[in-house]
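Features of the protein shown, as given by TrEMBL:
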type	residues	note
DOMAIN	300-397	domain 'TMEM62 Ig-like'
DOMAIN	419-548	domain 'TMEM62 C-terminal'
SIGNAL	1-19	signal peptide
TRANSMEM	420-439	transmembrane segment
TRANSMEM	460-484	transmembrane segment
TRANSMEM	520-547	transmembrane segment
TRANSMEM	567-587	transmembrane segment
Amino acid sequence: MFSFFFLILFLLNIITNYSLIFNRQSIISNEYLGNTGKHLFYFVQITDTHITHLGHADRRQQFEQFCNHIIKTLVKPQVTILTGDLVNSVSSSKDQLFGTTQYEQEWNIYRDILIRTNVTKHTEWLDIRGNHDAFMDPDPDSLKSFYRIYSHQGHDHSGSYEHTLTTKDDDTYSFVGIDMCPRPGLGRPFNFLGHISKKEMKILKKLFKKTKNSTATIFFGHYPLSFTYSKGIDQIMKYGLVYINGHLHSGIKHLYAHHSNGLLELELGDWKDKRRFRILTIDSGLLSFEDFRFSQSIYAIISHPKAAKFLTSREPFYRLNQSTHIRIVIFSKLSIINVNISIDEQYIGSAIQSIDNQNLFIFPWNTSLYNDKKLHKIYVEIKDNGNNTVILQHEFSLSLLKKTKWYQSKIILTIHQPTFGFIILISSLCLYILILLYYRYQVKQNSSNFIIRFTLWNQFRLRMICLCSVDFIFYSLFSFSLYYFIGPWYIGYLTSSHFGATFLWGTLIQQVYLPPDAQIFVGIFQLYFFIFPLTYSLSSSCFYRYIQQLESNTRIIKYHFNYCYRIYTIYILFIYTLVFILFWSFLMTASYKLSWILSPFGVSLSYTFA
């Protein structure tokens, strides 16, 4: 009897131990991408708020609602990032048309919203300077700079900084803000590109050492990398999961790119006009995100399986095959009643709410059914009790198989725009000079032997020969072209209190050299919309004067056509170039005061009136 009782106890002990081992293995298997909210982290990005004191009250009011309702009440992220252009800093027509300056009133509005909503007590508010926040600021690092006084992070950081937090799951997330605003901060338009100074690079190297052992490092800044002079930044972002930014507003939707070093870059549309913001999730080390409009009622992200086109080698993608559940993160103003899931157009079931995270909806699945190194499509339909519906869909793969079709994004975000623009500008300018020299040589070789043929190429050739045969016009245009290389283009108050000079190859101000900025794009615009039309107008005038000196038997119809064409090429085109240069001269004067006087435009204006 005693032996039988001992045997029963022994068997119970074995069963209990087996049960404990099974439960422990179950917990381990669900550690990542399982049925709980473990290792799920999310944060919010907003950019280009452009708070202004000149109207647009709805922009301010809805930003305040965003802080109160989205950040504090609905999403409740541990971190909220505002990637630059906090304020607008653009003058009104009454103050200074086309001018830019720092308005303390705008900064007060921004700070008051943060204070009224008390949002910085509910989330770690990481704001960083954008180019508008540095317009006409002679010393952005000074404690007197409005950014240093009124922004949330400016009190403690003049430029780049980092914030690291550890979650209850012992995951460490580091957020590194990169300030690429030029110092000093010029007014627009020559404050469009970012630039990392040597001082800022030293700070970033220290931050790199401090954060390289984090579970994930998120870099953020205002400028897309392709719009910056940021040599060495790839080494700083060596261990970064993603770089998020703004600056380009919503000119092109979905500006995302994979860089050759594995870094994922995500540009976000603006709050200013589009009221956009972004929610990003890091689910067991895998990054997912969605961009939303403020007016939506449901904000949802499929955190697993993540979209194949956003997979990077910097993520623990091996966890995709180890997952036990599909995971959808949902923030809704009303209760969710249905989360229906389909894969490859086959309905597989409805997700349910996780037991430990009310915003996480889960559905068990068998990864072996989809681990075939192919792309599959997941389709999720979410409905709340107000009959609002949101549909999410993307292609996924359980292997590192990327599918990327961001052709426009690749051009914008992976090609260094200053270099690309500089090549176009220099090649166009050199070609223009060579054409002038070539036809001047033709004039010297055979100054009187013109053959009148009304082909397109021959008319262009004859026009250029006639143009280059007039010494005053040729030397004026040739000198004007060389002046493009030598400069200065503009001299004036490039900041609120300092004179500076802008050249093709950069800007000199306060004994500081700043690399070429918008003058690259402005130069291209000038060439194609002023210099080339002016040259064609002058060459047509010279050509028709030459034709009038010849005896011709041209028929009336042809003469009538030539007469109309002559009105366009000489008078209308010339008036256009005159209006163009007057407008641009006024624009530069309004922006920088006196800046057009010692510039190609000032020289051209004098020549035009002469």
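Along the chain as shown, residues are numbered 1 onward.
Glycine residues also receive a Cβ, built from the backbone N, Cα and C atoms like all the rest.
Curation plays no part in TrEMBL annotations; they are all automatic predictions.
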So what's the mean pLDDT when you look at the domain 'TMEM62 Ig-like' (300-397)?
94
As a quick check of your reading of DSSP, tell me how many residues in the domain 'TMEM62 C-terminal' (419-548) are helical, how many are strand and how many are coil.
86 helix, 16 strand, 28 coil
Sort the residues of the domain 'TMEM62 Ig-like' (300-397) into helix, strand and coil with DSSP and give the three counts.
10 helix, 50 strand, 38 coil
